[in-house]
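Right, one structure below, let's go through it.
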C-alpha cells in the first residue's frame, strides 16, 4: 500500500519521468507558512470559508461576463431565456443566507472531524499528487451516488413543492444558481459532499481540493452555456455537463445525477433527454436539407 506520508511530488518509478512541477516550491512555502501562523481551527473554519467563497464566485465570473458578450449567445443552451439582474440579485441573497447561516456551521464541523480522526495538516505528511487525485475522484463518485437517489426522492410529488421547488425557480439556470436551494435541501444533498471526506480524507488538503473541484463542476453544469472543446471536465468519462443538467431544469424530471451519467443510464431516467436530443438532431437535419 502506498505510503501516505510520501511528499506530494514524491519520486516513484514513472513519476520521475514527469517534468518538475513549477509551483511545488511556492506552494510548499505557502502551506508551511499557513501552518506556522494560523491554528488548525482557523485553517479548518475561516480558511475553508474563504476557499469556498473565493472559488464559488471566481467560478461564476465567466458566466456573469458571457451575458454581456454577444458572441457568447450562440453557446447559451436556452437562448430564449436570458439572465436578468433581478433574478441574479434574488439568487445572490439566498446564497448569502445559505453560505453563512447553513454551510458555515457545517464547515466549522470539519475541524472537529479532523481532530477526532487525527487528519494531518502538515506539509511533511502531504500525500502524493496522484493519491490526492484518486481520492477526489472517489469523493465525486460517492457524492454523485448520494445526489442521484436523494435528488430523485426530492422530486416526489408529496414533498417537491416544500423543498426542491426552490432550486427549480430558475428554469434556465446560470452559474450562481448551483447552490440556490431551500436550506433543507442544502443539508440533505450537501451531506453527499461530506461522505467522501469521512471515508477518504487522509490529509486536510483533501477538503480544499474536493470543494474546489465540486464547486467548479456544479457551477459548470448550472452555467447555462455549452462551450465545446474548452471544458476540461469533458475529458472525464461519463461526465454529464451543462447540456445534461440544463435539460433537468428545462424538463423538471430525469437527469438526476450531479456529475456522471451512469446512474441515469442504468435506471433509464435519461430517456426523456435522449428523446429530446434525437428530436433536436432530426430538426437540425431537416433544416439543413
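Our numbering is plain: 1 for the first residue shown, then up by one each step along the chain.
Cβ coordinates are placed from backbone N, Cα and C, and glycine is handled just like the others.
The shown structure was predicted, so the numbers you read here are calculated from the model rather than taken from an experiment.
The transmembrane segment annotation in TrEMBL covers 54-73 (among others).
TrEMBL lists 94-113 (among others) with the feature transmembrane segment.
Here TrEMBL flags 138-269 as domain 'Fatty acid hydroxylase'. Mean pLDDT for the domain 'Fatty acid hydroxylase' (138-269) in the predicted structure: 95.
Residues annotated as transmembrane segment in TrEMBL: 187-211 (among others). For the transmembrane segment (187-211), the list of distant contacts is 4, 31, 43-44, 48, 51-52, 55, 102-103, 106, 110, 113-114, 117, 119-121, 125-127, 131-132, 135-136, 138-147, 150-151, 154, 163, 181, 258: same-chain residues at least six beyond its ends, Cβ to Cβ under 8 Å.
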Non-local residues, at least 6 beyond the ends, that sit with Cβ under 8 Å of the transmembrane segment (94-113): 40-41, 44-45, 48-49, 52-53, 56, 119, 166, 176, 179-181, 183, 186-187, 190, 194, 197-198, 207
For a three-state summary based on DSSP, what are the helix, strand and coil counts in the domain 'Fatty acid hydroxylase' (138-269)? 87 helix, 3 strand, 42 coil
